[in-house]
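Pulled from TrEMBL:
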- 272: active site, nucleophile (ACT_SITE)
- 8-13, 33, 38, 86-90, 127-128, 161, 272-275, 342: NAD(+) binding site (BINDING)
- 328-452: domain 'UDP-glucose/GDP-mannose dehydrogenase C-terminal' (DOMAIN)
Ligand code: NAD
Ligand code: UGA
């Protein structure tokens, strides 16, 4: 039986390995992690991540051909193929701080693989890494290998959170990069055979190592760039009376452009877009390409601009101050159908409002109070490091309360902000919410999911990203 071990039981390692186990009953899959609570959760009824469809698969395969363990060394030693899916956060200190990828976790995984291995192995980069990382990993493995042969492959993951299982079942493509040597081709073929159990062969793309590594960064940069492009347009729409939804539709019907990923928003979040673009910018700088670096940096700048613009719009509409006013936040996760809050725009919006001394009351169907308080207490980039490196007992942000019900969160509020597009926010009883709010009652829809006409009929003053402005808002322009 082929044995696969995946180092890193996170948002990528957990779901990808669960799907491999489901689709390949003849393969034994072990997912290992240094985090005891995380592995305990994978072995319990309360999985550590929320992802539609995941629980069913884990229940079906766990204990059969899918195992979660903290015995990292044992499973690595026994495996034929080792996936490495550890976190690759942005460096917070030292050379390249705030831009470069921190490969500490990757390097320690590679050293451990070299240390414990007793047979040849294929080592697969699943984490998103800077182009040329495989070369560094190869050096670490070769110099410590005691004669054991390792083949390094790059097999970046393209799943999106909230749709991870559907994305893994029907990927647009699977990308495998390897060395262009007979051993390299053989290793690529071995991994290809794993995916071929459910992915049509013509959708499994094989390339050289560097193309695979760079394609992942490029894909995320292109996706984020579309959002920043439509968000840049949203600002112009508000100034001109155009409607960003109509503009995006008109633009997206051009088959060369396509309709996806053109939803204007309060800004993109998530653990990867910003990190990967910063990483790309750093690589361009290191390769003497400052113009290319500047080009991609703008994608991040527009994203920051969009979040600032949203906060300024709230404050300026509410008579230029939110001091001591209750602002209800509906949605804290970085997108719907996930409890993940990494780099969620809600953090920046809440911090902006707290900076103006607002009292904020937050409701998200999947995010815990502990997580929200930790996010609001943390410094930028600290979130992607292990818990023991994060503030131990975050000082509770006194101006923040977390509720388990949207009606409770909005009670007596001066304003409501929708920051995540959870479906349930579309069908709330907004008349009831309005009746229980201070007047004038404001709604700021950062996801364009609400029925603006209906809200205006009820009596709300409504702001929707990139949509024609209420007379009220026109008189109170937001300056960044
Ligand atoms: P994550 O933080 O959820 O999981 C990483 C896990 O690795 C953690 O549980 C951590 O404890 C573990 N780990 C770190 N060092 C270890 C070591 N030496 N030995 C054993 N375990 C170790 O991260 P994630 O979201 O799964 O992302 C992993 C990688 O995949 C990143 O490079 C990310 O850029 C990339 N990626 C993420 C997504 C996504 O949607 N989250 C999608 C595609 C690619
Ligand atoms: C993204 C990519 O879509 C995946 O292909 C990639 O594998 C992954 O990053 C990664 O490398 O981590 P993810 O961040 O999970 O996936 O979610 P997305 O659906 O891409 O959304 C990212 C952010 O953009 C969210 O905050 C979302 O609300 C926002 N967004 C998305 C918009 O504001 N407008 C859109 O039109 C689409």
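Glycine is no exception: its Cβ is also placed from the backbone N, Cα and C atoms.
Secondary structure of the domain 'UDP-glucose/GDP-mannose dehydrogenase C-terminal' (328-452) per DSSP (helix as H, G, I; strand as E, B; remaining residues coil): 43 helix, 20 strand, 62 coil. The two recorded residues, residue 161 (NAD(+) binding site) and residue 272 (active site, nucleophile), show a Cα separation of 11 Å. Only 8, 161, in sequence order, out of the binding-site residues 8, 161, 274 have a CB under 6 Å from ligand 1. Between residue 90 (NAD(+) binding site) and the residue listed as 'active site, nucleophile', the C-alpha separation comes to 10 Å. A separation of roughly 12 Å, to the nearest angstrom, links the Cα atoms of the residue listed as 'active site, nucleophile' and residue 11 (NAD(+) binding site). Within 10 Å of the C-beta atom of residue 8 (NAD(+) binding site) sit 27 other C-beta atoms, taking all shown protein chains into account. Listed in sequence order, the binding-site residues among 11, 33, 87, 90, 161, 274 whose CB lies under 6 angstroms from an atom of ligand 2 come out as 161. Mean model confidence of the domain 'UDP-glucose/GDP-mannose dehydrogenase C-terminal' (328-452) amounts to 90 (pLDDT, 0 to 100 scale).
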